[in-house]
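Participant: Could you have a look at this structure, given as structure tokens, before my questions?
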Amino acid sequence: GEPDDEFRSRAAATKARASLLPRWPQHAMKASYTNVETEEKEELVRSEGEPDDRRETSTSSTCWSQLCCAGGGLLGIRACILGSVVVQNTAYALVRRYSRGALRETYSTSSVLLVMEVAKMALSAFQIVTSDAPSDVPSGSALSKYAYLITHSLTMLVPAVVYLAMNILGFVSLKYIDAATFAILAQMKVFTTAIFSVVLLQRKLHLRKWRALLTLTLGVVLISHEAMPKSAAAGDSRAKLAFAEFLLGIAASVGDVVLSGFVSIYFEKVLKSKTETYSVWDRNFQLAFWSILIYTPIMIHDNPRQPFAGWTPMAAVCAAVGGTGGVLVALSIKYADSIMKTIATTGARDAAGLPSGAARGSAPRCSPHASGARLKVPSSSRRS
């Protein structure tokens, strides 16, 4: 009757729609059913005698922990490392300025750099033995690992030479200009780093990021503008000499800016290489090895009889603070990128300039510090 006809028509329509679907091989269908049945049995065996709420809690906890490790944990590490870079760079600039500028201490710059590298090499050597980070270094004794890293360390000779020049230029510039003025040109490291990232890493930066970098630069310039020295009076030889020293400090800062952008991107390219795998501690060990070889003869040449003559507690503080910087720079490049690391160091230059502005009694609301901060903070957030 009519119900049978309706049933047959519906069956025909269903069959027609089914014919439009992709056909699965019979062996695949059978394997799929078998896998599902096996998984259901295993789940029943695992969950036998276990309350439902406990199973749900276990599953949700696992998902939450995986989410934290994949997202929030990495963001937390980046924030911690970049914050440490800001603190370290601020302290290093202020300590060097106080030691060489205010106290006029005469210890050898190369001796401080050598002690910094020895401390960094010792820390890296300890971490190489105790850390389980992935590395191409063959397993074996500590001495065999160190020997392997040294024989394969030619790549790190380039940054060792560049860092030598940067450290010397940094000491020269801070000897003739104050920490706030040092920030005027230090902010250009963001631009040089971005340019070298495009050239060496073929990295494409969105227009929004370039705009953020411009805003960031403007903010730092406003923060540091009031530290510029006033024009010297005509015929004042002492003022002319001071201005000449200021220009020498500016020239040293310009060289430091260009070298910083290059070496940051070079180091990032080496750390994130796809052809070889070395940990941050491996690369720091190799870098410290070459740096020690470079700084030792320079230190002996500066003072053959007493290489550590003129050392004071403040010199030891400079070496300790500077030594931590090398490790933090490598970690920031590894877990973030060179531009973010440079932004962090630029923020440190701002913080280093604040005491000078406070000493001159700058107004907190209408001063360039306040205006620069309003520009700098949002630009940093847009870049990140």
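Cβ from N, Cα, C; glycine included.
TrEMBL: automatically predicted annotations, no manual curation.
According to TrEMBL, the protein carries these features:
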type     : residues : note
REGION   : 32-59    : region 'Disordered'
COMPBIAS : 43-57    : compositional bias 'Basic and acidic residues'
TRANSMEM : 154-174  : transmembrane segment
TRANSMEM : 180-200  : transmembrane segment
TRANSMEM : 212-229  : transmembrane segment
TRANSMEM : 241-263  : transmembrane segment
TRANSMEM : 284-301  : transmembrane segment
TRANSMEM : 313-333  : transmembrane segment
REGION   : 353-384  : region 'Disordered'
Participant: Tally Cβ pairs under 8 Å between the transmembrane segment (180-200) and each listed stretch (154-174, 241-263, 284-301), then give the stretch with the top tally.
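Facilitator: Selected stretch: 241-263, with the most Cβ pairs under 8 Å.
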Participant: Which residues of the same chain, at least 6 past either end of the transmembrane segment (154-174), have a Cβ under 8 Å from a Cβ in it?
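Facilitator: Tertiary neighbours of the transmembrane segment (154-174) are 93, 96-97, 100-101, 109, 113, 182, 248-250, 252-253, 255-256, 259-260, 262-263, 266-267, 270, 283, 286-287, 289-291, 294-295, 298, 322, 326.
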